[in-house]
Amino acid sequence: MSERVILAYSGGLDTSVAISWIGKETGREVVAVAIDLGQGGEDMEVIRQRALDCGAVEAVVVDARDEFAEGYCLPTIRNNALYMDRYPLVSAISRPLIVKHLVAAAREHGGSTVAHGCTGKGNDQVRFEVGFASLAPDLEVLAPVRDYAWTREKAIAFAEENAIPINVTKRSPFSIDQNVWGRAVETGFLEHLWNAPTKDVYAYTEDPTLNWSTPDEVIVGFERGVPVSIDGKPVSVLGAIEELNARAGAKGVGRLDVVEDRLVGIKSREIYEAPGAMVLITAHTELEHVTLERELGRFKRHTDQRWAELVYDGLWYSPLKAALESFVDKTQEHVTGEIRMVLHGGHIAVNGRRSAESLYDFNLATYDEGDSFDQSAAKGFVYVHGLSSKIASRRDQR
């Protein structure tokens, strides 16, 4: 048996061409691995058969939907992770899981090399290769699209010359990546920052102006930072994401038009759709406002952003990320309760909160009868709190 290459296979043009190209250029057999992350679209069995038709000696489909939701989407929720305060890491959190399964396939199928179809301009090349280096430094990595400067035109020509059974056209307006956590769209006319997205950009969300007269009220319940119910009915993490994708997407919630700082040093425009993700992160953040002590909440907002940056930058397996997650596990001990929201016109409006772990004390907060806050103590507190600023100002005014 010849040396084998384990290929991350999407079923698209580049990775279909890569199967034949790797065989011709290296003489190695290719095992194609397709991961089901809830992306929808083509049936995974169709994708598996396409890989075989393109020349793979074996084609493996892994149903990783629950694993993705529990092990990758859930930490994103608990860390309120929005890169640059906007992007819920739709693609970034999927790459380490794909890496994990490619390494497992390499061990099972005798692979000495892993391969991906990433370009040299994006973040995914880093996420894949740093992941491989972390989990399996003995494996060689092939990146034919990047290392041999493939263009779409070159890939189509190769497919035609070698009778690769895939239907393609030379004009496709967008590059799309999607999974159950969301959908990312880039390139084409979107590369011009002044161009507004057209209707055909979107697939997970409806036009926010539709169904304007019928808002959807939803209650999301959490236990220790984990979403466990919707409108009082128990759900898995995957079930919560899927239901909220449908309900929030129908109200146009989760559309994001972002210019982001890529790891490779350039700025890139991306259109994201993440209805379920944005509802869950919004609800979780709001519940933390109710249940976390002030200093803990302030500090966690810093670690949330750092966690998002580490994941975006491909450092899923880093010691710092692991340490931050140990911290976050501790913070979630009291993040239990329910958040009520109205989904309407592309917006999420929180209008109710309840928790047995709440730090909100009505008697301390009220300005009406029953007020138990000792306002007479405030005068001395204000004096001491502002004393250092008062002394500094006195000096600076000399």
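From the backbone N, Cα and C atoms, a Cβ is placed for every residue, glycine too.
Matching Gly111, Gly117, Gly120 to the ATP binding residues that Swiss-Prot gives (Ala8, Tyr9, Ser10, Gly11, Gly12, Leu13, Asp14, Thr15, Ser16) identifies Gly117. For Ala8 (ATP binding site) paired with Asp124 (L-aspartate binding site), the C-alpha to C-alpha distance reads 12 Å. For the pair Ser175 (L-citrulline binding site) and Asp124 (L-aspartate binding site), the C-alpha distance works out to 13 angstrom.
Asp14 (ATP binding site): 17 other CB atoms within 10 A of its CB, across all protein chains. Each residue contributes its Cα atom, and for Gly12 (ATP binding site) and Thr119 (L-aspartate binding site) these two points are 14 Å apart.
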